């Protein structure tokens, strides 16, 4: 074959050439805008292969500058006129290097919606997404959700690294039908994957998700993947223990909390931020509430079913008994203002010092929980809290938040541990915020308006859930079907 060239020597608009290439990754099949043409993107390397081919006379075009990366500046358009021949290959390991993000560094790639859009316009395309390497050790239940008025299939897979840290990766639609099926079929042998150009979400603090330009390489013949596979096979007992405990479905502060974690003044918090770290006092002394709601034992969604009544849940579609779950509202206060927030589950029970069953029993007996000691203790404590905005607002249209994590901090040394950082970069907190009421911290003028909850609303199921996937805009407001 004449004109057999290395890839670096093939330039835009060149004709009459051939190149021996490898298929490093393939992306999902998509439709072209305005035409019935279907297309699929591949990433090629020469002499490095999953499968090796000889390609002749593809159309060579430059990639538009805003989509270029340091590695990819030229694209080949393969059509029905392109000559493609498969080449036998005996290489066992593909000599290619990827730049993987550590699980503990994922949080820095998660930002608020406004900043992400600005970044997309001013930085290179590849800087918005990351590559990770991990062992697939388990898969959660597949779900069908409504997203942007369209139904989508999604399934979460549990990735493990050599530091025994886990992170959830959500595969959507075509990824689930293709690479997802491959991962499920190999789950018993712990497949190693390279997830390329995936985005970082705030589900349970930190999670990963595919989007249209992502690629999932399952058991690729790459040195790092082979080494991780061998590590997994040597640590099967450890993996089984991790899967058995299922700690990966809970919030992991090790992945979300930085050693030099910065916090935001309450007056500078906006609902466009996906998650926010604040340093604040917690109070709920003057908030009238019942501290629990009835929920599905499996998915924690609210239900009107009676205690221990088995029912078919509209959210998880399974039959489970209804059980009480702890939930209550608090005020978060710093020197600049106050915002309302909610706690759920074990996190709520820890702060309340009563479990959900005890709270339900007190409520049914019309006896208030003895909380004076809790209120006195909280009045002298300061907490580091990780919060996120929720879609539902209060009756006065104020934004409410869910507490993902909290830990008590020593206020005397807090300035050394935390760097208070106003969102606008000014040295002093701004008073321009539509989510706060300014006043003396702890005073009645700063109290949240959730204090006006009425007892006749206590029997209505709560719709705010802390474990709601940010990609799944599902509604569970329909009446549950009792068994």
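From the backbone N, Cα and C atoms, a Cβ is placed for every residue, glycine too.
TrEMBL: automatically predicted annotations, no manual curation.
So that you can see what the record holds, here are the features copied from TrEMBL:
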type     : residues : note
DOMAIN   : 129-218  : domain 'Replication protein A OB'
DOMAIN   : 279-417  : domain 'Replication factor A C-terminal'
REGION   : 420-483  : region 'Disordered'
COMPBIAS : 435-447  : compositional bias 'Polar residues'
The domain 'Replication factor A C-terminal' (279-417) - residue tally per DSSP class, helix then strand then coil: 28 helix, 61 strand, 50 coil
Secondary structure composition of the domain 'Replication protein A OB' (129-218) [DSSP: H/G/I, E/B, coil]: 15 helix, 50 strand, 25 coil
PLDDT averaged over every residue in the domain 'Replication protein A OB' (129-218): 90
